[in-house]
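> The structure's right below; bear with me while I get my questions together.
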């Protein structure tokens, strides 16, 4: 029988009964994608389109019908063809469409061709133009490149790769435009940027580089600190010209290298000239002198000349330069520190120039005057930064010139007649200016220097070479902060008030008013008139906030009065309202006050600060007027004006005249004062002798004052204030609150509604009017008592009724009970702040109002009643309860209550309490302690209870009621139900409010208390005995039976040996004896010393692909998945549907058979031991 066409995995045994039809398509005889159709004993091929033949081996020629037109070349394919129209002038699937005009590529320079109806259009790239884009636009025609740069078009393809700046490769997309190839030293798109050749820092040794077009130059320094100078292109060459040629007088030597020779030149400092700076150009003018200068001849046509010099002086006014005669001259002067230039022609002033810059400061300044078409005055000074040049048109006529005058004078004018016959200029009535005192240097007339050597004999007076100036202020001769002014030949001290004298060593003697609380004053009678513009000034020192300072009086009345009011200056005149300043002067310090009287105005100053002014009538100080200082002769009139002054007054001045209390010369006789209880100096009172410091404070004397060194925990100027709270007088749970002359202990109390009420009474020392009550509370109760007090017929009750706050009061002479009820509920467990007060606290009877949390509108009573003064008279005040109308006490929180500003403290008689020093108190009579620490918010708001615990607000904290299975403050602890070991024969697993027992093998029940009888439904056969065990049961077989359930008969057994030593071999094993050794030779499938064990052939997992292994005697059988076959399920037959269906039924039959065999097995039953027989 041939197996041709039979699948290789089918053996001949599968066709024993010829029940399988052979698949002739198994060898895949059809070609080129054909489909093979199997029929009985044969097959046929269903060819794919384009193929013919029994096996579809022939390709059909689709080009046979010549489908391509106009000479197109037909290319045959599989079931298709294509036409190659190349060269035919046509296109399309069959070459049937005439090619467009763009087919011939008429557009140049890679332009895009677009066909139209009867023509084409070329779309040129940027940089090209023309109908066919044949013209390259020359972008270089406009010569865009600067600095001789070469312009190269981007369209010049042959330049690519040869010119730097062009892209790496040519592209029509980027062919529009140009690049500029720059000359060395230039860069930029158009070579417009000069490359900074100095960026590489070519100049060495401190040289400064200057960038030039395409080049650079180095400016070498000539002030090298090392003494070495450099030159050359990069300042790298050492210059030696100054090596042996030092310049004098600190002149700066500058070396040169010219004509192969090292040379030098000297840069002279101001005041010197000459090749080596050896000539002095500085002259010292010591007063009452001058310097005459004779310049070269000038004609009227020579209308340009100049004079320049530097000067140094402290004189504010002096003559610097004079040139000309009585009729026509030029004069340069210092006037008030400013430089002025005046020109006079024909006795008329023509030009007046000045520069507003102070140059009388002892520093060097340079000035130059130029006479040309205009007269120019220029000041050169480091401190002059703007407006340092003044200019005016020339005042001279065409035939006139100041340059024609040959004689000029510096620093002053000569007096008398000189030896050369110079006329005495002062005889021409030329205005005289003080001669110059100071120094001149670098004098130049028409650029010709004037030196000490070339001064003509007889043309100078009191002049010396060099600048001889002594610093008179160097020794600081002016004392007491006096300002020293160097007057060149001497000095002057500008003293600060109240000091005086040449060196500010003396001071004006102060007048002491009110020594040891005496009353005194000073009187100055004036014997001259001072007009309507004058000032009065004085130094004032006082600690007293009131007192008359000064009063001006004429024969009729006082017209100006100044005094201290609450420590502030006050000013009054008869025609104006009182004027008071803001600053306080009664601080014990010295203050300078100035009164400036002007027409219709009086100004008040403290030091230089303007404190304000008043409009007033115009007052004049005339002869016979009187100035009162510190008080008036009339005591009553003095009291009206602040009382007598206590303190010191010094350096009183009327304008610049001193009104001295204690003059030491007759110069002030006209102002000799009348003094009443005014002493010399400014000695303060010894206040410490009165022992002003309290509570053990130590007194230290100050001027007219004292200072107390206070013990710890006391304060105040006289240590009169005890800082009670720093003594920690309250229990730890309370907060100390300072009150006038004492303290209170403040805390929020917790009331339980049963035994926590507190009784208070007045201490009998309360004197104030009790017109209000303030407190805070929080509760959840709808009907409770907060406070109750009663003294027939008056009573007070504060409660919560029907969730609203209720205030009831009968007081004074009222027959009615005042009743107020809050507008909102107050039992929401949150804090509420309450104020109950009289609308008119000063009245005998008034309406009351209730404020809750400051919410408007406030509740106001319709009737009036009295205050709460009945609480002062030994009245019992109950807080937290009161047994009113059978209402229960407060359960909740209550702050410390205030009645009329007096606290009802919860801590009287409490441990750690300090007796309060204040007189007015409400005393705690109850001896029971008060629970404190009530929280501001509901403690349950933060949801502290976990795992569904119920939170209860207990005001000072919270309490969590936990669900089953949880415990702890926050129900955070899971109760361990396994703690009692409930599982008898098992392991306990804790759960929420429960437990679970995992029983040991052989036990069951909630607590594993019951033992399992595994033999109850045993399957031991053939009379075998069931033995219950922990993990199941075993069968003890009889005689000739074996197996788990004793279902199989035993194979024959053999025995060898003798009665003493023998061996039994089971399961057909052959017992052998060799010498003295007994041994069992087992049959295949068994093992063990006596062949008692059946070998498990499935132990090695021989089945592949998930196959199920069945252990048999000396063999195994694999039950395969439907997609696999073979002895070990090693063959994948998922693609063989017919065979798979056949094997499916076979495997299902095998699996069913296996399951039937295993139905009676019990997995937990183990094999029992075999009996020997």
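Glycine is no exception: its Cβ is also placed from the backbone N, Cα and C atoms.
Annotations in TrEMBL come from automatic prediction, not curation.
Sharing the feature lines straight out of TrEMBL:
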DOMAIN    21-57  domain 'EGF-like'
DISULFID  47-56  disulfide bond
DOMAIN    59-96  domain 'EGF-like'
DOMAIN    98-134  domain 'EGF-like'
DISULFID  124-133  disulfide bond
DOMAIN    136-192  domain 'EGF-like'
DISULFID  182-191  disulfide bond
DOMAIN    238-278  domain 'EGF-like'
DISULFID  268-277  disulfide bond
DOMAIN    469-505  domain 'EGF-like'
DISULFID  495-504  disulfide bond
DOMAIN    511-682  domain 'Laminin G'
DOMAIN    684-720  domain 'EGF-like'
DISULFID  710-719  disulfide bond
DOMAIN    936-972  domain 'EGF-like'
DISULFID  962-971  disulfide bond
DOMAIN    974-1009  domain 'EGF-like'
DISULFID  978-988  disulfide bond
DISULFID  999-1008  disulfide bond
DOMAIN    1011-1047  domain 'EGF-like'
DISULFID  1037-1046  disulfide bond
DISULFID  1082-1091  disulfide bond
DOMAIN    1094-1130  domain 'EGF-like'
DISULFID  1120-1129  disulfide bond
> Can you tell me how the residues of the domain 'EGF-like' (1094-1130) break down into helix, strand and coil by DSSP?
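Counts, helix then strand then coil: 0 helix, 13 strand, 24 coil.
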> Same-chain residues six or more away whose CB lies under 8 A from the CB of residue 182 (disulfide bond)?
145, 147, 149, 188, 191
> When the Cα of residue 971 (disulfide bond) is compared with the Cα of each of the disulfide-bonded residues 56, 710, 988, which one is closest?
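Closest by Cα: 988.
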> Give me the Cα-Cα distance between residue 495 (disulfide bond) and residue 719 (disulfide bond), rounded to a whole Å.
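Their Cα atoms are separated by 43 Å.
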> Which of the three DSSP-derived classes (helix, strand, coil) applies to residue 988 (disulfide bond)?
strand
> If you count Cβ atoms within 10 Å of the Cβ of residue 988 (disulfide bond), leaving out that atom itself, what do you get?
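Step by step: centre on the Cβ of residue 988 (disulfide bond), count other Cβ atoms within 10 Å, giving 19.
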> Nearest to residue 1008 (disulfide bond) in three-dimensional space, by Cα, is which of the disulfide-bonded residues 47, 1082, 1091, 1129?
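For residue 1008 (disulfide bond), the spatially nearest of the disulfide-bonded residues is 1091.
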> For the domain 'EGF-like' (59-96), what is the mean per-residue pLDDT, to the nearest integer?
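It averages 85.
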> Give me the Cα-Cα distance between residue 1046 (disulfide bond) and residue 1091 (disulfide bond), rounded to a whole Å.
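About 17 Å separate the Cα atoms of these two residues.
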> Suppose we draw a 10 Å sphere around the Cβ of residue 962 (disulfide bond). How many other Cβ atoms does it contain, all chains included?
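Residue 962 (disulfide bond): 20 neighbouring Cβ atoms within 10 Å.
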> Report, as numbers and ranges, every residue of the chain located at least six residues beyond the domain 'EGF-like' (238-278) whose Cβ falls under 8 Å of a Cβ in that stretch; write 'none' if there are none.
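For the domain 'EGF-like' (238-278), the nonlocal Cβ contacts are 222-223, 228-231, 310, 364, 441-442, 449, 451, 466-467.
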> Here's one to test understanding: among the disulfide-bonded residues 47, 962, 1082, whose C-alpha is closest in space to the C-alpha of residue 277 (disulfide bond)?
962
> So how many other Cβ atoms are close to residue 1046 (disulfide bond), meaning within 10 Å of its Cβ?
23
> For residue 962 (disulfide bond), which of the disulfide-bonded residues 47, 56, 710, 1091, 1129 has the nearest Cα in space?
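Nearest candidate: 710.
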